[in-house]
There are 2 protein chains.
Amino acid sequence: MKVLGVDPGLTRCGVGVVDGAPGRPLRMLGVGVVRTPAEAEIGQRLLLIEQGLERWLDEHRPDLVAVERVFAQHNVRTVMGTAQASAVAMLCATRRGIPVTLHTPSEVKAAVTGSGRADKAQVTTMVTRLLRLDAPPKPADAADALALAICHIWRGGATDRIAAALAKAPTARREHLR
Amino acid sequence: MKVLGVDPGLTRCGVGVVDGAPGRPLRMLGVGVVRTPAEAEIGQRLLLIEQGLERWLDEHRPDLVAVERVFAQHNVRTVMGTAQASAVAMLCATRRGIPVTLHTPSEVKAAVTGSGRADKAQVTTMVTRLLRLDAPPKPADAADALALAICHIWRGGATDRIAAALAKAPTARREHLR
């Protein structure tokens, strides 16, 4: 399974592609960042993100896109841009019929380090180790995107089963859990 | 000037098209709502919004798209969806080279009622009056989209001049003001 992980952001949108399956070695196929200038109009920035992500989708044709789930309680200043960048990522994937899964930051940290409260350095160390890289992935802020992809490969099935169960649950409860 | 107003939302995305110029009568060219089912996947919902907005853009070919500016301090539960729907609207317009302007809810209320603290009924009454409609626009939740379009027609120039001035201001100050 080939997964494109997207760590959404307006200024820097981390992207990482990992190939693998549970119980088998992981392989990094690509890593990078889609950047947009802070001084550009918001519509223009979203368009640049769309164009950047389209290039990644064209090149790697992933089976699935894993996007970091954005929470409103984070930094109010940046959360709107993050939500908007994640919308573009989900839209690009869905438009191509590629399934999208969302993973929370703590799910991602727990998947690669064993702890949902791991720090950034720990995540980078484990991503480097798990992908058997000679050096930490560059740019550094793209390590999270690779971690997202790894997280999906390892726990994607479980998340999907939970999602399927929730889809059958009453709406109020489902919204609460989401 | 033909303006498409978009009141963004994941469940209901209000859309209204108004033609006019400062000092000249306004004319409503269309009003409606793009709806998406709450039980659908988020990616699917964003795609439905994109497809719905594309139809409006195809049909009306507006000169400008006015989108309600989303604030993070609003209802935490719905604000993420609103931010994501607004991202789709800004993306669709920018992709076609159509300029996008953002207006705050209080700018919109002040434009059509004279008060930034007007309630929903007052906005609907004034939208009905200003567009010389026989009855309040239906669906009711699309009145805000028409108000957004009217707001832009009346104060668009001013907002654009402010934006241009801010674009020249130092970054920190610009972010503070935005």
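Yeah, the Cβs are placed from backbone N, Cα and C, and that goes for glycine too.
Heads up, TrEMBL stuff is auto-annotated, nobody curated it.
Positions annotated as active site by TrEMBL: A:ASP7 (among others). Reduced to three states, the DSSP call for A:ASP7 (active site) is strand.
Other Cβ atoms within 10 Å of the Cβ of A:GLU68 (active site), summed over all protein chains shown, number 26. The annotation active site is assigned in TrEMBL to A:GLU68 (among others).
Residues annotated as active site in TrEMBL: A:ASP141 (among others). DSSP classifies A:ASP141 (active site) as helix under the three-state reduction. For A:ASP141 (active site), the number of other Cβ atoms no farther than 10 Å from its own Cβ, over all displayed protein chains, is 17.
If you look up TrEMBL, you'll see A:ASP7, A:ASP141 marked as Mg(2+) 1 binding site. Within 10 Å of the C-beta atom of A:ASP7 (active site) sit 27 other C-beta atoms, taking all shown protein chains into account.
DSSP assigns A:GLU68 (active site) to a strand segment in the three-state reduction. Annotation source TrEMBL lists Mg(2+) 2 binding site at A:GLU68.
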Query = Cα-Cα separation of A:ASP7 (active site) and A:GLU68 (active site), in Å?
reply = 6
